[in-house]
Amino acid sequence: NLIQFGNMIQCANKGSRPTRHYMDYGCYCGWGGSGTPVDELDRCCQTHDDCYGEAEKKGCYPKLTLYSWDCTGNVPICSPKAECKDFVCACDAEAAKCFAKATYNDANWNIDTKTRC
């Protein structure tokens, strides 16, 4: 679920940036998304959105699905349980790892999506 996703982000980025800083970043980080991603981090969000879309096609509810995971060496690791839980956990874990590798550009936070996306 979204709270677990936030915790995964903190695991992967070693708590270096609050989760809320990713909620209104670029064209895809946060609710919805459209246009061309502004950078690598925004592409991580686009991929995460697409993954959630695939989860929904499988009949899962990714924003609400609870799953089991651990933070091991700043890497989110999913604990297999059931199809929806595994799929959503993998979406979130891959996004959290992607966020940790991508550069955060302050100029891409809270942008005007109508003109830039």
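A Cβ is built for glycine as well, from the same backbone N, Cα and C atoms used for every other residue.
In Swiss-Prot this protein carries:
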- C11-C71: disulfide bond (DISULFID)
- C27-C117: disulfide bond (DISULFID)
- Y28, G30, G32, D49: Ca(2+) binding site (BINDING)
- C29-C45: disulfide bond (DISULFID)
- C44-C98: disulfide bond (DISULFID)
- H48: active site (ACT_SITE)
- C51-C91: disulfide bond (DISULFID)
- C60-C84: disulfide bond (DISULFID)
- C78-C89: disulfide bond (DISULFID)
- D92: active site (ACT_SITE)
Coarse DSSP state, helix versus strand versus coil, of Y28 (Ca(2+) binding site): coil
Nearest of the recorded positions (C27, G32, C51) to C89 (disulfide bond), judged by Cα-Cα distance: C51
Remaining residues near the recorded Ca(2+) site, that is with C-beta within 8 Å of the centroid of the site residues Y28, G30, G32, D49: C27, C29, W31, G33, C45, Q46
Between H48 (active site) and C91 (disulfide bond): CA-CA distance (Å): 6
Inter-residue Cα distance where the pair is C44 (disulfide bond) and C29 (disulfide bond), in Å: 8
Of C11, C78, C84, C91 (the disulfide-bonded residues), the residue whose Cβ has the fewest other Cβ atoms within 10 Å: C84
CB contacts for D49 (Ca(2+) binding site) [other CB atoms within 10 A, all chains]: 19
Inter-residue Cα distance where the pair is C27 (disulfide bond) and C71 (disulfide bond), in Å: 28
Residues near C117 (disulfide bond) in space but at least six apart in sequence (CB under 8 A): G26, C27, G33, S34, G35, T36, V38, I111
Rounded inter-Cα distance in Å - C51 (disulfide bond), D92 (active site): 9
Between G32 (Ca(2+) binding site) and C84 (disulfide bond), the C-alpha gap once rounded to whole angstrom: 21
Packing count at G32 (Ca(2+) binding site) (other Cβ atoms within 10 Å of its Cβ): 8
Proximal residue to C84 (disulfide bond) among recorded positions G30, H48, D92 (C-alpha distance): D92
